[in-house]
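K.L.:
Got these off TrEMBL a minute ago, pasting:
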- 22-207: domain 'Aminopeptidase N-like N-terminal' (DOMAIN)
- 242-458: domain 'Peptidase M1 membrane alanine aminopeptidase' (DOMAIN)
- 314, 318, 337: Zn(2+) binding site (BINDING)
- 315: active site, proton acceptor (ACT_SITE)
- 548-867: domain 'ERAP1-like C-terminal' (DOMAIN)
C-alpha cells in the first residue's frame, strides 16, 4: 500500500520500523574530536524500496541532522531528491523523511550528514578516560548493543536489518583506530590521518564497532592464519598474553565444534577502561572491561584468570552464535546469550579440564533458579515492545536459565546429536536471522525427539517445577508443581526430563514427566527383576550400607526436587558415606536451601543437613555453603537474635575443616580450585567473626602495606584480608579503611580496585558505611565500578544505604539511568530487607520515580523482601531450631 498523504503520526509508538524499505549497505564516515568530545559524520545507505512510499523511516537518537544534508537518489531516475520534511521523534528514537514524490520500488542511496556528542554514559559513541605518562586522555569507543548504534549514525537499528559496512575514520595521526575489518588504506595529512577499512560481510548494526585511542598490543595467528590481537593500555601488553592464548585456542576449538571456520580476516580484542558490561562481541573487534581481559601474573587471583578465560570464550562463541547467525528480534536474545554462556563452559573445560568447570556451571543454574522462582520473573522468550525495555532482559533468565535449559536438552539428546544439530543450524542460517523455533526444528530433525514440544514448556512460560518424590509401597511417586520462593503454588506444567540414580551411578533410569504426576513401579528399577531386591526397604541393608535414590542426576535438569523423609535420610547417609558426586551433593543442598527459603521445609532441617557437609572439600559445593552461611546469619539475626552467636559458631566449625587444610599460604602444586577456595573460605570466616582469622589477616595486611609484593598476601587471599581489616574498623578507628583507600588510589590494576571496592561496605559501623557510599560517588571511582562497592553491605549499614540511595537518587538516576547498571543499585540495596513495612516504604518512595529500565528489577527486589519476611516468620515458629543449633555449635568432632 502506498502511504499517499498520510502523516508522520502513523510511525509513532511502534515496536518495530516499517518494512517498506530495507538497508543493504552503509558507507559510514566518522570524525571524532577527542578534546571537544563531539563528532561529525556522514552516511550513504544503499536502500531497497520494497513498496512504493513517500517516507523513509529509520532510527536516530541524540544526533543532529545537518540542514540540507539529506538526499535520496534512486537507481531508476538520476536526479537527487530531497525530503520536504525531516522529523525526529525523540521518544521513539526515529527519524522520518517525507518526500513529495513517491520513491519507486528498487535500489537507491540515502545520504545523511549528522553530528553528535561523545557521551560519558558508556553507550552509543562515547568517551573513556585513560592515563598516559601521568596525563589524562580521552579515547572514543562504541557500545551499540542492544539499540544504541542510532546514537552514532542514523540506521535501521534492528537485528534483522543486516547490511554490509564500509567504514572510514578521520583521527589524530598518533592514535590507533580500529573497526570490525582490517585497514585497507591509510592517508596521513599532518596531524590527522584517514583510515579506510575493508568492507564487512553483512551484519546487524549492534555489532558495528569503532575504537580510537593509544594502545599497545600482542598478537598471534590461529592454525587458519587468522591474526588475533589483544590491545591494552600502553605498558600493559604483557597482561594481554593469557587472553590471547585462550582466544587462539578457542577459535580453533569452535571451528571444529561448529564445523565452520571463523568468518573474518582478523580478530581484535580491546581492554576499555570505562565499560558498562563485562564485554561486547562486536564482529571482529571485541571490547572488554579491563578485569575481563587482562591477567597480571603477580597480582591477579585464580578467580580473575578463570573470569578472563570464560568471558573470552563467551564473546568468541558469539562470532558464530549471534554474529553469523543472529536472533531475529530481541525476544530471542536468549539464543545469543544462553548459548554463548553454555558454549563458553565447553571451551573452558576443553582448555582447562582441571578447573572442573561443569561443576562450577551449577552456579549459573542456581542463579537462574533463584531469579526464576520469583512471581516477577519472565519467560526466556519475552515480547519486547519498545527499545527501552530491552536492557532489562540482559539478566539471569536470558543468560543463566538459557544456558541451563540448553545443558538439560544436550544431556537429554546426547552430546553428539546436539553438536551435529548445532553445526547444521549454523550452516542453514549463516549470514541470516533465526528464531527459537528454527533451532528446535533442526534439533528435532536430527534427533527424532519432540524438541519443540518439550522446550516450549521451558522457554514460553516463566518459572520451573519442583518435583516431589515419595515412596509408596513398592512405587516411586512423582508430582510436579511450579516452584515459587514465596511458598505459593503456581499453575505451570512442564515436560521434565527425570533422571534417577539407584544407590550407584551404574544403576540409572530416565523418563519424561509429561503430566502433573506419575508412578514408577519397582519393576522399572534397574536390576530389580533379576535380583528381586527392593531398593526402598531401608531395613534391607546392601553391602556398603543404606540404599539411596537421587533424582536429577548431576543436576543437569532445571528443576528442584523435594524428597520424602525416608528418601532424605538415605541421601544424608550417602553424603556422609561419600557415595555421591560433587554435583549431586551440591544439588541436594541447594534444593533444600530453596525449599527452606520458601518455607516448605524447616530451617532446623536445613541446618542439620548442612552439618553432614563438615568434611566437604570441593570448591563449588563449599562456595555454595558459604553463600548459604551469609543468608542464614542475616535471617537468624532478624528472626532469632538470641541464636546468632551459636549459629555463627556452628558455621565457623563447618568451614574450619577445609580452612585448616588450606591455610593462608600457597602450597606447591596445589590446584586452581584450592587457590579460589582459600580466598572465599577465609573471607567467610572473617565475616562470621572468627578472631584467629581476623588477627592473622590484619598481620598479613600490615606486611602488605610495607611491601606490595610480599608473599604473605598473594592475590588469592587479598580480598579476605581486606574484608577482615574492615571488620576491625569503626568511626573512631579508621586506620584500616584509610590504608585500603591508599592502596586503591595507588594501584593501576582494575582487578585490585574491584577487590577493594567489594570489601569496604562490610564494616559493622554504619557511619563508616556511609563514608564508603559517599566515596563511591566521587571521581576517584569509575562509574562502571560503583556497583562493586554496593556488594556485601553489612547488616548494620543496610538502613544507612537505603537512606543514602533516596538522598542521592536524582544524581544516580541521571548518571546511570540509561543503562542496566542502575538496576544493581536497586537490587543490591533493596533486596536484603526483610519486613513487609520496609517493602511498603520502598514502594512508596519509588511510586513517583519508576521508569521502564528499573520497573522489573524493583518488583523483583520487593518480592525478595516480602519472601524474606515470610521466612523470618517461619524461623520464629521453628521449635527445634534452638536445640539443633546449640547442639551443633558445641559439638566436638
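Every residue, even glycine, has its Cβ placed from backbone N, Cα and C.
Because TrEMBL annotations are produced automatically, they should be read as predictions rather than curated entries.
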K.L.:
Long-range same-chain neighbours of residue 318 (Zn(2+) binding site), Cβ under 8 Å, sequence gap at least 6?
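P.N.:
281, 336, 340 - these are the non-local Cβ neighbours of residue 318 (Zn(2+) binding site), listed in sequence order.
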K.L.:
Can you name every residue in this chain, apart from 314, 318, 337, with its Cβ inside 8 Å of the center of the Cβ atoms of the recorded Zn(2+) site?
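P.N.:
For the Zn(2+) site, the extra neighbours are 281, 315, 317, 321, 322, 336, 339, 340, 341, 344, 399.
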K.L.:
When neighbour density is defined as the number of other C-beta atoms within 10 angstroms of a residue's C-beta, which of the recorded positions 315, 337 has the lowest density?
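P.N.:
Result for the recorded positions 315, 337: minimum number of other Cβ atoms within 10 Å at 337.
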K.L.:
Specify the count of other C-beta atoms within 10 Å of the C-beta of residue 314 (Zn(2+) binding site).
P.N.:
27
K.L.:
So what pLDDT does the domain 'ERAP1-like C-terminal' (548-867) average out to?
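P.N.:
Computed over the domain 'ERAP1-like C-terminal' (548-867), the mean pLDDT is 96 on the 0 to 100 scale.
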K.L.:
Return only the integer: C-alpha distance in Å from the residue listed as 'active site, proton acceptor' to residue 337 (Zn(2+) binding site).
P.N.:
10
